[in-house]
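Taken straight from TrEMBL:
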| type | residues | note |
| --- | --- | --- |
| BINDING | Arg14, Arg15, Ser16, Arg41, His45, Trp139, Leu140, Thr141 | FMN binding site |
| DOMAIN | 23-169 | domain 'Nitroreductase' |
Amino acid sequence: MTSDIKLLDYLKVRRSTPALQLSEPGPSKGEIEEILRLAVRVPDHGKLAPWRFVVYRGEDRVRLGETALRIALEKNPELDLQQQEAERTRFTRAPVVIAVISTAKPHFKIPEWEQVMSAGAVCLNLIFAANASGFAANWLTEWFAFDPIFLAETGVTAEEKVAGYIHIGSTTFPPVERPRPELADVVTWVGDI
């Protein structure tokens, strides 16, 4: 196999775009479908497809933000107006938000952990596919990804987990590099090199 210079160059500079820097236009339905087709091309031991997607666009993002705000206020009625606005707009920061739901379950051969990792790979592939399609993206979870009330109200079962909410849109902001770990801090070499 020969090296793919374009892919290597992309991986050297890949950055998530902060959700607040995402704007219209977002991908069309057809572009979203193509992004999803690319996203599912991940390691998936046993071909279980242990994940599913929920695509939020338009006014449904507003409704989702209202749900987040209501639950946040139930948990903390002292939220000030700025905090309330932050909750209300959680899902309107980008034109498209795709929830990746891990549907991992016990299997006689494939450990649940492998299934969960496959959902994580889908999240990253969604970002790669969005970027390759000319869009910026960010993978977020935030408090509501772990809140049983929010999850139940948005159709996530008790057996499922949110692997991430992938925010997709356009941006005019250049990507800003951030510090990366030194390999010596995260790599252990075993054997001859």
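Here the Cβ of each residue, glycine as well, is placed from N, Cα and C on the backbone.
If you count neighbouring Cβ atoms within 10 Å for each of the binding-site residues Ser16, Thr141, the highest count belongs to Ser16. Leu140 (FMN binding site) has a Cβ environment of 17 other Cβ atoms inside 10 Å. Using a 10 Å Cβ-Cβ cutoff, Arg15 (FMN binding site) registers 14 neighbours. Within the model, the domain 'Nitroreductase' (23-169) carries an average pLDDT of 97. On its own chain, His45 (FMN binding site) has Ile110, Glu114, Gln115, Ser118 as residues at least 6 apart in sequence with a Cβ closer than 8 Å to its own Cβ.
Counting Cβ atoms from all protein chains shown, Trp139 (FMN binding site) has 18 others lying within 10 Å of its own Cβ.
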